[in-house]
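Quick look at what TrEMBL lists:
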type	residues	note
TRANSMEM	21-42	transmembrane segment
TRANSMEM	54-74	transmembrane segment
TRANSMEM	94-111	transmembrane segment
TRANSMEM	123-143	transmembrane segment
TRANSMEM	175-199	transmembrane segment
TRANSMEM	219-237	transmembrane segment
TRANSMEM	268-290	transmembrane segment
TRANSMEM	322-341	transmembrane segment
TRANSMEM	353-375	transmembrane segment
TRANSMEM	387-411	transmembrane segment
TRANSMEM	432-456	transmembrane segment
Amino acid sequence: MPRPAATAAAPPARKVPLRKLLRAASVACGVQFGWALQLSLLTPYVQELGIPHAFASLVWLCGPLSGLLVQPLVGHLSDRIAPAASPLGRRRPFIAAGAASIAAAVLTVGFSADIGRLFGDDITPGTTRLGAICVYLVGFWLLDVGNNATQGPCRAFLADLTENDPRRTRIANAYFSLFMALGNILGYATGAYSGWYWIFPFTVTPSCSISCANLKSAFLLDIIILVITTYITVASVQEPQSFGGDEAEHPGTEQEAFLWELFGSFRYFTLPVWMVLIVTALTWIGWFPFILFDTDWMGREIYRGSPDNPEATQSYHDGVRMGSFGLMLNSVLLGLTSVVLEKLCRKWGAGLVWGVSNILMALCFVAMLVITYVAKNMDYPPSGVPPTGIVIASLVVFTILGAPLAITYSIPYAMAASRVENLGLGQGLAMGILNLAIVIPQVITFLNVLSCIWFSNKHIWNPEQL
């Protein structure tokens, strides 16, 4: 009697080449390009629309608040889509949709002055343009929603492609960090150039000055770069058809409500996962004030300027430009650190590298306090230009902070991806939960800082002026 033919063993899954992981991470460049433009151009723009400086800081709360819900929700939805349900798989539709949201948002923000004029705004210089402000706020919120909707699925996409290989996961997130650095460099360089409106002359309108037209032109360039990098990411590689333990251990979770699953997933977390979340939260308590007020610190504390005082406005803007230059240097070191990060992790271990980077971050923040104290007690020349030594010291601190920032952008995500994969939870939901550990401290820190700003502006709280 003939023996039945033996069933051929399935060939081992072929690993995604590193060059394809590099292309899959490229959308981070387009997203971060727009974020750098936000940091370098939007603060002067909102003041041109008539938003007071103290209240302009409130706008930046949009990012953390949208991140509280958007990333976990998008991650949850992408985990629930079957890979075969869409020609683009389950992550890439969200990446493409998020990029489209960003493109629509930057158009809304850039043309808010023109749209406000259609709503009847008075375009006389120095007046508050209520219509433009409302349009700007809608566009800004949409921009942060798009940023969160794009980056979360992209991180999960990289985790899917590396298939729970800690080394390849670190490399993929280092690629993501590298493209973030490249986007920062391009964005800050674009924001520093004031002649983009010559390329797009139609951006100059009666309701939009030269600086406003330059912002619109820079955002149009952002859309071009975003479209290119999104296409590269979406077309780079096919998603794997199986995703390890995303639902293997929890087959009934597809019937659970989103919030119930989000908070219910905490019960599966082991101590290493909790440690990643706690350290991430504590780290971002330090990072968020720097990211929010870095150029403002340079303008106020080092250059002794003020956007509210006409006599000190020029000094403030000189300091902001110098701070933007420092952030560009920061991005250069961020990119270089991303290149060598995997070698450092193989030599010393990812945990030790992360711990040393946090110590370096803390020392740099202490150095900023020392520089602030020295600057306040130093006599400036009659021109008001700060001494060269103070400026150089500030730029050095800005630059050094690029190294721990690169590690913050990569190692926590890699560690969370590898640890959560072993628990059978979806990578999309995992990236959303890690994002909660980032945005909750941001909201708390922001509200604390904002209360200090408001109370320091006594005219806002003077009952005789209410």
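Backbone N, Cα and C atoms are what each Cβ position is placed from, and that goes for glycine too.
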Any contact, the transmembrane segment (268-290) to the transmembrane segment (353-375), with at least 3 Cβ pairs under 8 A
yes
Pairs of Cβ atoms less than 8 Å apart decide it: which stretch in 123-143, 219-237, 322-341, 387-411 has the most with the transmembrane segment (21-42)?
219-237
CB contact flag for the transmembrane segment (175-199) and the transmembrane segment (123-143), at least three pairs under 8 A
no
The answer for the transmembrane segment (387-411), taking Cβ pairs under 8 Å and residues 6+ beyond its ends, is 170, 173-174, 176-177, 180-181, 283-284, 287, 290, 294, 298, 302, 322-323, 325-327, 329-338, 341, 345, 350, 353-354, 357-358, 360-361, 364, 367-368, 371, 374-375, 378, 380-381
Same-chain residues at least 6 beyond the ends of the transmembrane segment (322-341) with CB under 8 Å of its CB atoms are 36, 39-40, 170, 174-175, 177-178, 180-182, 184-185, 188-189, 191-192, 294-299, 302-303, 353, 391, 394-395, 398-403, 405-407, 409-411
